[in-house]
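Taking it in order: structure first as C-alpha cells, then the write-up.
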Amino acid sequence: YSLRCILGYIYRCLKNYEQAHFYLKEAINLKPKGPIAYLICGEIFFWQSNYAKAINNLEKSKNYKAKINNLYIILGNSHLFYKRYGNANSSYNFALENSPDNYLCLKNIACNYVKWNSYNNALEKLDKLLNINKDDSLILCYYGEILCNIGQYSKAISYFTKANIIDPENTHNLNKRAIAYYTLQDYNKVLLDLDKVIQLDPLNSLAYYLKCIIYYTKKDIDNAKMVFKKCKELLDFNDILAKTQLFHLECLLNKNNSTELNNILTKINQISNIKDSELLILVRCKVYVELKMYYEAMLDLNLLYDKNSYSYQHISYISFIYLLREYTDFWLYLNVNNNNSDLSKLGIINEFSKYMYEKIRVYFISNLVNLNSKLHQLQENDINSLSEKIISSKNEELYLNLPMQHLWLRIIWKINVKEILNKDCFIKFIIKSTNSEQYKDSELKRYEYVLKYEDVLKLEGLGWIEYQIPKSIEDYVQPSIEINGSINMQIDYVRNGYNAGTITYIPNMGDLLPNFHKLCPHVPETFKDKYFSRKEMENLLELKDIINHL
C-alpha cells in the first residue's frame, strides 16, 4: 500500500496522471480505508479539473481520519472551483483554525467570500494578508475592487493608489481606479489613468472603451467618435462581450441617426446565439426603443424579465431598466398594451412609475409627494437613483406611511445612509398587514424591525443599497418607515421580492453596461496564474507528509 501511494505521488509529480491513478487504484484495493491514497487521488483529480471526483476522494480521505491540515485547503479549493462556496468556506475555516496565517488559504477564502457576496468577511481576510505583507499589490488592488462592490469608491481609490505606487505598470489596477473615479464623476482623473494605460499597453481595448464612455458622458462627441474607431480596431469581434461593447458604444454615439441605428440592428440580428447574452438583448432593446419599434423592444424586455424573474429576484432586471428609464413614450406604450389601470390612489401618475409597480411591484417613494404635498420639501433630484427623484430625511425625524398594497415574499427598501450625526438614532421598519382588502385599522397585524445605532453605522457610506426585511409576507400590506435622530438618509423605492442576503449593493455605473464586472473581472480571474499559483498549490501536498502518515 505504502509503495503504491509513493509511486502514485511520483507519477503525479511527473504529471503522468494515468499511471498515478493506476497505482493509487491498486493501493485503494489493498487498503480500502487507507486515507493517503484517496488524498493523492483527490488532489490529482483537482489538477485534472474533475472537481466532483476530487471532492469525493478528499471527503473519503477526511472520513478515514487523514491528519494533514492541507487536505482541507485542497478540499476548499475543489469546492471553490466547483462553485460550492458554502462547503469551500467550511473547509478553509477548518484549515485556518490550525494555521491562521496560511497565506494561500487566506487568499483563497477571501476569493470564496466574494463569490458568495460576503464582502465584509472577504475584506477581513485581506486585512490579515496585508498585515503579513503590506506590499502585495495584487491584494491591495483586490481590496479596492471589493470596496467598489460595496459602493466605497473613495476608499477604494486609496487602495488602488497604494497598489499603483508598488506596481505602476499594472494596467488592470489603473483601469479599476479609472472606473472608481468615473463613478465619483472625476472625469479628468479618469482620463489621466486611461492615458497611462494606453501608454503602457497601446492595445488595451478596455481603456479605449472606457475613454469613449467618458467623452460621451462629457458630451464631447467628436473625441468619443475618434476613440471609438480605435476601440473598434482592438476589440475581438469573435467575442460576444466585445461585440456587445461595440454595439453599446455605437448606439450611444448614434442616438439620433436612424440609418446608423438600423445598421446596428442588422448586425445584432445576424448573431445566432443572441438569446444567450442578456447584455446584447438589452442593447438591442435600447436600439429598438430609439427607433420607436416598441413592439420589438417589448419582446426583448419581456425576455430579460423572464430570464431574471426566478424567485422574484428582480435586482438584475432593475439594473437593465436604468438604461431605458428616460424613454417616456415607450413606458406609455407598455402600459397601454398591458391593460393600463388607474393607480392614482397610490400616488402613481407617470408612465415609468406605473410600469415598475405593475410589473415588479416597485413603489417609488417620490409617489408619496403626489399624495402629500408637504413631502415636496424633502424631495431631491438624484440621477443615481432609479426614479431620479428621492426623499431625504435631511437630518430630521421622518415618518413615511405608504398606501396599503397587495405584496408577497419580502419587503425590500432601497436606501442610502449618507451620514450619522448623533448616536441617539434608529431606523424602524413597520409592516401592517391583513388578509382582506376590506379591513379596519384595529384588525391590522403590526410587525416592527428596528435598526439601532450600531446597525445603522454598518450602513453608513455604503451608497445605494437594497435592505431586505427578514419577515415573509403574503397579504395586503402597508409598509412604513420611521427615521429617528440625526441621520442624513435617502430613500428611492420599496418593493417586494427576494434577495439572497439582507444587504444588496447597487453600483453606480452611469452609462456603463450593467454587470460591468463581466467585462472587467476581479484580480483572481485576471491574474489567475498569480493569484492561484500552481507552484504554491502543488506544494500543499509534499512527499514528507505522505511518508509521515503512511
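Backbone N, Cα and C define each Cβ position, glycine as well.
So that you can see what the record holds, here are the features copied from TrEMBL:
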- 69-102: repeat 'TPR' (REPEAT)
- 137-170: repeat 'TPR' (REPEAT)
- 171-204: repeat 'TPR' (REPEAT)
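Residue counts for the repeat 'TPR' (137-170) under DSSP, helix first, then strand, then coil, are 27 helix, 0 strand, 7 coil. Per DSSP, the repeat 'TPR' (171-204) is made up of 27 helix, 0 strand, 7 coil. Regional average pLDDT for the repeat 'TPR' (69-102) in the model is 96. Here the repeat 'TPR' (69-102) has, by DSSP, the following mix of helix, strand and coil residues: 26 helix, 0 strand, 8 coil.
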